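Trainee: First the structure, which I've put down as structure tokens, then a few questions once you've had a look.
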């Protein structure tokens, strides 16, 4: 499908589809759809739908045994609380949307510049963007302030890369420059592809002045990019709002619901069926009783007029019991769940240990519905740049002519401390004040004029493609295609070799205060195959010099034989650098004979004009001059990780949480970071790289990896294969255990094939057996697809964490999305469920808050179901002694207050304050996290245990009071066994039993816990005397009918005997089970708890430090750029303005 865009032509056909405005929307609701949509989402909870049906049943007087308002009021409260919470969350999204949509942008209109809002921009508008301004929409670049209409952009929000990229307008529109008259008169027509999510592809044709011009993605500026080092540029808007490639990759906002919510839906169905079967049994019993006895006692118990037979009476009683027994699924359950989730969210917001002081940024729980899910995470999908790393490169150490320079850092907690103060660079007026180095011997060598040191830093100041900007004299700003190059040039600058400016033919360097201009003869640019770059210059002394820097594996083969000893020493230093995980490269030079260079230059010029095999011929020509190099030394750059990342990853690994890194960065950099972060380890049994470029190759690589990890997984007899064959519709793949620790690396191209058809199953089986997975060169959509794949095939909880707009789709796709407020904008944080500023806070979020929330929610649900089964099922036993008449055992007010008052606070106290172990032990023993991943503490099996326990307790609570008062009399000879006294004894025994039960469940007692637990029991007796008081019963005899029952019954020894026996018989099996379970059915957590209990009696052992491990044979060498460098553009002169002299300073733009 084609898309046609015409500048300033209001075509009616385009109004509805093409000329939509630039508004974005991440919110779910608006004023009109909030009520129906929110109610629809809430009634997806089967319990809410169940109570709605129950409400309708209670409106029928023939079957209603309880007043209708006993259901409608709690239902309205639950729906209202949830709706208000959802509305508040969505209002925040609306506010964030408004902040973006109301940004200002300049629009060209009728020969003038008009300021307008982002949301009003439409397809066909021409807009003006300035330096450091974000791009408003996807626009076709028309012209810019730079020569040849080049524009420099940073795409961190799109792909996570902070290196500069170059876009260039087509020549026919470059002539428009900033002439507003010409721009207003521009009447070109763009025919292009319909909106899609492909960030690196764009196909279109510009028809202008009767000619067609081909367009590609190099002519398009995408929304989310930031203009860099370009004063201004103009562009024609092609895609707006949701049609932009950024928004196409963001994915849809979905209503996230926890696994516990899904489980509760299933359990509600089970309870409903159980409830129906009980009502059916009681209805049959009623029919039999009425047929055999009730029929003959109609003089005393007359049938209603609408009851012609016992069968009809049984049907009506079925629905009456359905209403009476509805408390098996109490609506207060959902109110309590929301309160618990809100409380645990507040704990996250209030956690001072997750507060990042430098940014004054606390942790934020942006949703209150996913807390217990934090305690069940199995897979963490992380971005790299800005999430694991700070995206800051630091010149850390170097080796020059066999001498080692640099200082070691001492690790303390999550920070590094140096053993000596930093070097003072105040003698250098052009030094970068933010640069730090801690070895004074290197500065002393520079000041003494050491020839090799000077040559080393001269090489760094010349051999690069960095651009210099000097808007204020002496204030240099470097714009580099990669952070590595910027770090190297900045290091040379601080040590006295300042790269000042460049033209297409010269490079100016201030050497120890003296400006020297070098003639630029050639740039042999970097490529992924060459893994090096060289530069040939003519010095002011008329010497022709070649400087080269690159990967040590490459440069070692190009060195002169005389450098053998120096090479060995330097390689030892490189080994030391690699052990610390530093990014290394070698530096070398060669002095060229003038006649040799002239002959080489002639050959180079001929190859440049070649039309066939140009790249291959160019490579051969480069090799002729890049040989017999003299080694100068090596550099070591630290790609600074965020504080505590390796320790956090190691801790998460101990918790059986698997880390996958999904990044748009290149493979070498991503793998290096994986080793630095402990995602990969040198002791791994194997590393698999999937880089096939077709289905067959990718399939072969995946199966080869699986064959090594688990050979039997390829056999038809393998249990998983049998399971998948027998149940092709069941997508869940059982967990497969490999025969060792393995890692997997796959690039975006291969991933595109692996995510299609049958290969997806192969990919997920192979990847999920690996300890760590690195997916590099990924688009934002592919990140989301990988997360969705794991969610689809594995019954696990996934968490995605990132800091850029390119991570939004992944964050939305995962069960839990975490945003880091970093250097790549706020989009990730605004679309996340939880947000904080440092990656290492993740371990606290999961292992402390997540685990506590999961444990508390499981205890809450187990206890809540138990206490309501015990409460409700007493009616079942009572039915056999009441002629199945649907009469309640308890006083109506007790039924009303049981969940609302009497038992609400103890269970909330348990769910908000309970801790099995404190935060220190939670972090010290990450293995405690494992039960949540397998959902061991509350599942269908645990629910059945609660049901059985509830049935047993209800049996005890009915028959023990009945036995104690059977045929018994008071001291005055009157009978005790009246209905009201029996009711009071049963309900008091019930409250004592459930209170003792929750006391057994509580492992962390606080003052509030004691007040809630024992205070609720005492409050019951206070309410009891109030409700059964003479005054209240006499004033409202229809509402309060238990006159004097409390006073007459509480002093009976039979009542207290009933309470003691009921408590003992109900609690004794629980105590026995809790004692015997660790002895006969121990799990790993029980053993760890024993260790913790042992440790609490002894002094706390010091925490073990995580040792970072790297191999000397592996280099993070020359992680320079993601694409071909700027060499060709520099030598062509296209990107450089003419030089303007200002005494000793120069103003240049990149």
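Note that Cβ sites are derived from N, Cα and C of the backbone, with glycine treated the same way.
As annotated by TrEMBL, transmembrane segment applies to 66-84, 263-289, 309-335, 860-881, 893-913, 946-967, 979-999, 1011-1029, 1055-1076. The Mg(2+) binding site annotation in TrEMBL covers 383, 385, 803, 807. If you look up TrEMBL, you'll see 383 marked as active site, 4-aspartylphosphate intermediate. Per TrEMBL, the feature domain 'P-type ATPase C-terminal' maps to 831-1082.
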Trainee: With every protein chain in view, how many other Cβ atoms are within 10 Å of the Cβ of residue 383 (Mg(2+) binding site)?
Mentor: 30
Trainee: Among all protein chains shown, how many Cβ atoms are found within 10 Å of the Cβ of residue 807 (Mg(2+) binding site), not counting that one?
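Mentor: Within a 10 Å radius of the Cβ of residue 807 (Mg(2+) binding site) lie 36 other Cβ atoms.
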Trainee: Sort out the residues at least 6 away from either end of the transmembrane segment (309-335), same chain, that have Cβ-Cβ distances under 8 Å to it, and list them.
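Mentor: Cβ under 8 Å, 6 or more out: 45, 47-48, 50-51, 54, 57-58, 60, 62-66, 71, 74-75, 77-78, 81-82, 268, 271-272, 274-276, 278-280, 282-284, 286-287, 290-291, 294-295, 303, 864, 868-869, 871-873, 875-876, 879, 884-886, 888, 895, 898-900, 904.
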Trainee: Let me check the 10 A CB neighbour count of residue 803 (Mg(2+) binding site). How many other CB atoms are there?
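Mentor: Within a 10 Å radius of the Cβ of residue 803 (Mg(2+) binding site) lie 34 other Cβ atoms.
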Trainee: On the 0 to 100 pLDDT scale, where does the domain 'P-type ATPase C-terminal' (831-1082) sit on average?
Mentor: 87
Trainee: Can you count the other CB atoms that lie within 10 A of the CB of residue 385 (Mg(2+) binding site)?
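Mentor: Looking across every protein chain shown, the total is 29.
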